[in-house]
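Straight from Swiss-Prot, the features:
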{"type": "BINDING", "residues": "Lys12, Leu13, Ser14, Gly15, Gly55, Arg59, Thr162, Asn163, Tyr168, Asp171", "note": "ATP binding site"}
{"type": "BINDING", "residues": "Gly54, Asp74, Thr135, Gly136, Asn137, Pro138, Phe139, Phe140, Thr141, Thr142", "note": "UMP binding site"}
Amino acid sequence: MAEPVYHRVVVKLSGEYFAGDQSFGIHQPTIDRIAGDLIAAQQLGVEIAVVIGGGNIFRGVEVSTRGVSRPTGDTMGMLATVMNCLALEAAIERRGVSARTLSAFVMPQVCELFTRATAHRYLAEKRIVLLGGGTGNPFFTTDTTAVLRAAEIGAQAVLKATNVDGVYSADPKKDPSAQRFERLTHSQALDGGYKVMDATAFALARDTLLPIIVFSIAEPGSVGAILSGTGRGTIVAG
């Protein structure tokens, strides 16, 4: 078995991906497959934390144009991320692997509050840690949350799961001449305006010296492949 490239990572998953081929909600077969991928990756000897978006349930930035204030809408979206974490936690635990959801919001009847100490302890106990509630503050995306939490818990990289196998010069689904980058610096990613992550996330990763690996989650086993150094993606670092 190949030695993993990283030993502690944050995996960023899109909430929209949880909907599968539906336009809304939770597609259980998709979540079950992701749970299996995360477990297989953990079995490589990697400590795994996960940040999930909430766009399959609610998008605060969209309702802010319909009479709901942006802070309120963002809070609703952050609560949706906790729902996704609980769904993934259940799918992981059905497979006999321990997982824990930690939230940026105090909700003791639902899950524990995120603290660095709690996250460190659960990761050391070989539990998959699911980080819900975003940053706990409006106006910040879950991409930024992933980088922030990675820096807080001492992760060595952020694995950004998307529906394409890296960062391209243009949308490869619209432009067949788009070129995939093997590697970019954080500044190049910012200057290029690539939409795979928001500028705040890239800037924070640059300031905290955190590599971001952008890859496609569509293929089963892709998380483990990235961790073992055999996967296809774009490394954003330096």
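Cβ from N, Cα, C; glycine included.
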Practice item. Specify the nearest of the binding-site residues Lys12, Thr162, Tyr168 to Phe139 (UMP binding site), where nearness means the distance between Cα atoms. Key: Lys12
Practice item. Determine, using Cα-Cα distances only, which of these binding-site residues is closest to Lys12 (ATP binding site): Thr135, Asn137, Thr141. Key: Thr141
Review point. Looking only at Gly54, Asp74, Thr135, Gly136, Asn137, Pro138, Phe139, Phe140, Thr141, Thr142, the residues listed as binding UMP, what is the longest Cα to Cα distance in Å?
Key: 15
Exercise for review: Check the Cα-Cα distances from Asn137 (UMP binding site) to the binding-site residues Ser14, Gly55, Thr162, Tyr168 and tell me which is shortest.
Suggested key: Gly55
Check your understanding: How far apart, in Å, are the two Cα atoms that lie farthest from each other among Lys12, Leu13, Ser14, Gly15, Gly55, Arg59, Thr162, Asn163, Tyr168, Asp171, the residues recorded as binding ATP?
Key -> 25
Study note, to complete from the structure: Neighbouring CB atoms within 10 angstroms of the CB of Phe139 (UMP binding site), all protein chains considered, total 13
**Study point:** Shell of the UMP site beyond Gly54, Asp74, Thr135, Gly136, Asn137, Pro138, Phe139, Phe140, Thr141, Thr142, same chain only (C-beta within 8 angstroms of their C-beta centre)
**Key:** Gly77, Met78, Gly134, Thr144, Thr145
Exercise for review: Tell me whether Lys12 (ATP binding site) sits in a helix, a strand or coil according to DSSP.
Suggested key: strand
Exercise for review: According to DSSP, folded down to helix, strand and coil, what is Asn137 (UMP binding site)?
Suggested key: coil
